[in-house]
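To start, the structure under review is shown below, and the notes come after it.
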Amino acid sequence: MATTPINGHATKSPSLDAAEARRLKHNHADVVIIGAGVLGCALAVALGRQGRSVILLEASLKEPDRIVGELLQPGGVQALEKLGLRDCLEGIDSIPVKGYYVSYFNDPVPIPYPKPTPASPPPEGRCFHHGRFVMKLREAAMACPNVSVVETKATDLVTCSHTQQVLGVECTSKDNVRACYFGHLTVVADGYASKFRKQHHPHTPKVSSRFWGLELIDTKLPMPYYGHVLLSDNAPILLYQIGTHETRILVDIPENLPSASVKNGGVKSHMRNVVLPSLPESVQPAFIAALEQGQLRSMPNSFLPAATNTTPGLVILGDALNMRHPLTGGGMTVAFNDVVTLRNLLSPEKVPNLGDTKRVMKQLSTFHWERKKAASVINILAQALYSLFAADNQYLRALQRGCFRYFQLGLVDGPAGLLGGLIQKPSVLFVHFFSVALLSLWVLLREYPPYLFPVALFKCIMTFWTACVVIFPYMLIEAFC
């Protein structure tokens, strides 16, 4: 064979054997998925358990090694439970996450995830090594009788020249043998650097900064089981434990930052001279050790609004479809919620035959708007919070001070619920954001003596205008695009 199928099978029926033969001998299935990452594996299992025949394509089935996709919010854990995949969080040395620890110039505030009811157990997220989690999801896909996992590199989409409908995927194996895989529906889930996005997505990712990451060994965090956000005069720093002995640190470095320029010694010099002094003392020894080992890696921080699918036979999902700044760790939560939504919309009860292109297209149009119930809050919050936490002018810094003061007053349940993917109401985000803005104005007014009231008033107007500029563009994108 041109490619290497890897399958796990339960008790088979004759019809299942026929479907498997169709996948393996004729390279044909109901659904072909490009990318056996977080979303691709979850979708393959979800559709396979509905009785759909699925071919899952992945260029390399080796364990991936990434510095993002390591924090799953409680809302993502809940979506994983709906998919019957929560056990994928076990056996990978994952660490419970109970909320956030925000430090503003070394003044900390804990922000626990809110309980649904006083008698309920507190919601819990998980941190882990990304690769270990993906391998567990791949095991689940391989164990699904209706799914065939094939290690091969997708190179192009097979398209009907008359109707422009996508019919399948052209691939090349490690032995450089070409093959095509056909399905009624082709799913592109090949990540942030998608090679198929450009032809079928109207938007281009916008990169504002990069996260530079190190893995710290046996460091002591100020507040275990909490994601740490460190705020200062510099861009935000994230810390969270991903294993018994490992802690991830991500340092946001905006583009063209002078202290990280080659002239000033590059990123490593920025880490040593700017980042190190701002870290908690308990973290500094492990940070120095990791920095000396030279394990610095980076990922772009991108923003990409979603777009309605218009190509028959194709759906783009995951980071190939929609990205937001990873500051809030919401990417996988959006992905799993998307899988839940799409699974429900494409269920055999609603779409008996995925070859019914007209009905599938109608459901995909519905999917674009239905997914926003979970995705919009996370997308808007990620972009707005990054603007505040990476404040680079006096008005954004005023909003940053107001935001931290808001947390200090104990008004954390709403923000924590939004961050955790537990509250999926944009109206709640709107109320909290402008409550922060109004509190920022009060804090700003108190910083000036009465005789400078005209100056303070002008700065209040500019600060409120800045708040509107921060959030309204993203709210409009989510509402109308």
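Cβ atoms are placed via backbone N, Cα and C, with glycine included.
It should be emphasised that the depicted structure is a prediction, and the values quoted were computed from it without experimental measurement.
Matching Arg138, Arg178, Arg210, Arg405 to the FAD binding residues that Swiss-Prot gives (Val38, Leu39, Glu58, Ala59, Arg66, Asp319, Met332) identifies Arg138. Secondary structure at Met332 (FAD binding site), taken from DSSP and collapsed to helix, strand or coil, is helix. You'll find the Cα of Ala59 (FAD binding site) roughly 36 Å from the Cα of Tyr100 (site 'Important for enzyme activity').
Cα to Cα, Glu58 (FAD binding site) and Asn146 (N-linked glycosylation site) are separated by 17 Å. Taking Cβ-Cβ distances under 8 Å and a sequence separation of 6 or more, the neighbours of Val38 (FAD binding site) in its chain are Gly69, Phe133, Val134, Leu137, Gly318, Met332, Ala335, Phe336. Ranking the binding-site residues Leu39, Ala59, Met332 by other CB atoms within 10 A of the CB puts Ala59 at the bottom. Of the listed recorded positions, namely Arg66, Asn146, the sparsest Cβ surroundings within 10 Å are found at Arg66. Most buried of the binding-site residues Glu58, Asp319, judged by other Cβ atoms within 10 Å, is Asp319.
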